[in-house]
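What Swiss-Prot says about this protein:
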- Tyr15, Gly42, Lys109, Tyr132, Asn187, Asn292, Arg388: substrate binding site (BINDING)
- Tyr72, Ser108, Lys109, Tyr132, Asn187, Tyr218, Ser246, Phe247, Ser248, Arg257, Asn292: pyridoxal 5'-phosphate binding site (BINDING)
- Lys249: N6-(pyridoxal phosphate)lysine (MOD_RES)
Amino acid sequence: MVQVNSNYLKLKAGYLFPEISRRVNAFCELNPTASLIRLGIGDVTEPLPQACCKAMKTAIEEMGSTSGFRGYGPEQGYLWLREAIAKNDFQSRGCQISADEIFVSDGSKCDSSNILDILGTGNKIAVTDPVYPVYVDSNVMAGQTGIAASSGHYEGLVYIPLNAENGFEAELPSEPVDLIYLCFPNNPTGAVASKVQLTKWVEYAKKNHALILFDAAYESFIQDPLLPHSIFEIDGATDCAIEFRSFSKNAGFTGTRCAFTVIPKSLKGKTLDGAEVDFWSLWNRRQSTKFNGVSYIVQRGAEAVYSLEGQSQTNKLVSFYMKNAEIIRKQLTLAGYKIYGGKHAPYVWLEAPTEMDSWQFFDHLLNKANIVGTPGSGFGVAGEGYFRLSAFNSRSNVEEAMRRITSI
């Protein structure tokens, strides 16, 4: 009989969001007339920017003609999109990133998992706690961890707590690590990192010959012009970091699928015998072998994000969701909840009532207010006692959700 990847059996029962769906479905079966408001999973609700729609319509018409038809595109993405990304997202902020260091993909979730394909085994890995579950689960699947201990932590991982006591600032590990996952603005806490904080991480990574995997999926929600949007705004980061970005949240591409990963050509790792190898070549080989690229139509839609019309429309989308976050923060603060995040990210992180754990508060909101949120414990041990609410919904739903929560 064929053998399975037994590392999957080490995963804790139920990925966070499927477990939420299971509980919600069970509730709906018992309460078919209930009007649920979903502020849980970070999926957008507003329509795509019209600039993107127009560009994709034009691309569809091109594909329907003999002269405009395109088959397989470059696995790394079309050059015109990569050039637009490099110019607008990096070079405009002083980052020395070129178009050929950008790899277009169908999602940063995929990239942050698939990057393990080019990393060796035995690396010491650091993650924040709480953390986006994909970082941990993908390492478990790849055999990079031991089993989950009774504490809830996986053996072999170094956990960096993010909590109210440390101001949700990721502190440097007390021991050398090889691989570091950072996400700022942070999912789930909504915390943001300053240039000073990121500089400490870059200096640590260079000193310890470590690699930073930097998830900047929510950078467009940063409101303070002094805060960095990219790890590459920090001197030396091109020698120690890979960055993941996405069009999912700023342009509403969660169902359209387009993202990109930035791998500087100067970034190097080593083989078991100590020889240096650049990560760019490894990732390029990986993508050429396992990925056929994002569709031409979708890439034209992504390119339109950088047009004047596209920039105006995506800025309005971001402002809309951040206004929702402001409403959530204000109303829950008035109701006596302790609130964090929501200022530079579309997520509000709050403390559950003292008599409830995270899942009890989830069930409380579901049953008493018909509101779906995300229990903090689903993001890690340090998330216990916290709860995440997403600003991704209509204005009327957010206002109604706040009315319901504050009245129970």
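Backbone N, Cα and C atoms are what each Cβ position is placed from, and that goes for glycine too.
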Problem - Of Lys109, Lys249, Arg388 (the recorded positions), the residue whose Cβ has the fewest other Cβ atoms within 10 Å - result: Lys109
Fill in the blank from the handout: If you tally other C-beta atoms within 10 angstroms for each of the binding-site residues Tyr72, Tyr132, the top scorer is Tyr132
Completion exercise
Spatial neighbours of Tyr72 (pyridoxal 5'-phosphate binding site) among the binding-site residues Tyr15, Asn292, Arg388, using Cα within 10 Å, are Asn292
Practice task
Could you state the whole-number distance in Å separating the C-alpha atoms of Tyr15 (substrate binding site) and Ser248 (pyridoxal 5'-phosphate binding site)?
Solution key: 21
Practice task
Using C-alpha atoms only, work out the spacing between Lys249 (N6-(pyridoxal phosphate)lysine) and Tyr132 (substrate binding site) and round it to an integer in Å.
Solution key: 16
Exercise for the section: Look at each of the binding-site residues, Ser246, Asn292, and point out the one with the fewest other Cβ atoms around it within 10 Å. Expected result: Asn292
Problem - Cα-Cα distance maximum in Å, computed over every pair in Tyr72, Ser108, Lys109, Tyr132, Asn187, Tyr218, Ser246, Phe247, Ser248, Arg257, Asn292 that the record assigns to pyridoxal 5'-phosphate - result: 34
Exercise for the section: Mind giving me a neighbour count for Asn187 (substrate binding site)? Other Cβ atoms within 10 Å of its Cβ, every protein chain shown. Expected result: 26
Completion exercise
Whole-number Å distance separating the Cα atoms of Tyr132 (substrate binding site) and Ser248 (pyridoxal 5'-phosphate binding site) is 16
Completion exercise
Rounding to whole Å, the Cα atoms of Ser246 (pyridoxal 5'-phosphate binding site) and Lys109 (substrate binding site) are apart by 9
Problem - Same chain, 6+ residues apart, C-beta under 8 Å of the C-beta of Ser248 (pyridoxal 5'-phosphate binding site), given in sequence order - result: Val44, Gly107, Ser108, Ala217, Thr254, Arg257, Ala259
Problem - Among Tyr15, Gly42, which are binding-site residues, the residue with the most C-beta atoms within 10 angstroms of its C-beta - result: Gly42
